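Everything below concerns the one structure shown next.
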Amino acid sequence: MTIDSGFNHITVLLDEAVEALAVRPDGCYLDGTFGRGGHSRLILSKLGPQGRLLGFDKDPQAIATGQALAAEDGRFVVVQRSFAELGSEVAERGLAGKVSGVLLDLGVSSPQLDDPERGFSFLNDGPLDMRMDPTRGISAAQFIATAPVEEIARVFKEYGEERFSGRMARAVVERREIQPFERTADLAEVLKVANPAWEKGKNPATRAFQGLRIHVNNELGDLEAGLEAALESLEVGGRLVVISFHSLEDRIVKLFMRRLVKGESDNLPRNLPVRFEAFVPKIKIHGKAQFASEAELKANPRARSAVMRVAEKLR
């Protein structure tokens, strides 16, 4: 566990993820989601003097933690960029095709969820923001204030998998005509009233809040770009380890890996000659999807939805 500004963060699948990377003492590794440094610190403990670790994060608080770690350990560097941009960063550093392993631990962190001022949670009232990097893009409040009802409904349905998306979006638009939304608790209450069928054990605003967060941070677009960039950065034999926390993320990861296991055979023209390499897999998948153990779930209930998938680059 690491402590950050009074908010606890327990790194999910810590040992399992780093073990899956198969860290070599002299290897070069990327932590695409530094967070509070749980995975990075364990990776560094396995690296020798010649090993290197490059961390990425959009969150200014995570970057501050990373800079403190970099000051302690010269083998580590952290940059304030999305992992979707890791291809550019790796190229600028002359590391394209030379990376030994990439780790992506997706989603929102506990410090982000638990800090009311970040605006991610409906449980703790705060400004309706939800941005991983509060200095870039539009906040959730700005999106809610300006988007057409159809767009809000799409975000709730497509990214939040909310079946009452239309009804909830209309309630949001009707209320904003009277008074704009500025606080998370205010929005959560309107969504709660508009949701006619509450799921047992789940706040009725859960799915809509997830949809807003994913949209505001372009999480799925970043994931698709980041997976492609990660693969290109890896050397042959390098590992890609991805931990996802909801079905939309995991579906993207699973389909990405399945496609590369097949090579390019699914996208070839019919009745035309093709190169043999088109049928050669680009990766191999290591094992089945892995989930948190009972012991980890007991210590950290937020790990219940975590799914880890591992691939190795073949060519």
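Cβ coordinates are placed from backbone N, Cα and C, and glycine is handled just like the others.
Record check, Swiss-Prot: S-adenosyl-L-methionine site residues include G37, G38, H39, F83, D105, Q112, and the candidate from D57, D186, D250 also listed there is D57. Taken over all pairs of the listed S-adenosyl-L-methionine-binding residues (G37, G38, H39, D57, F83, D105, Q112), the Cα spread reaches a maximum of 18 Å, rounded to the nearest whole number. When other Cβ atoms within 10 Å of the Cβ of D57 (S-adenosyl-L-methionine binding site) are tallied across all protein chains shown, the result is 27.
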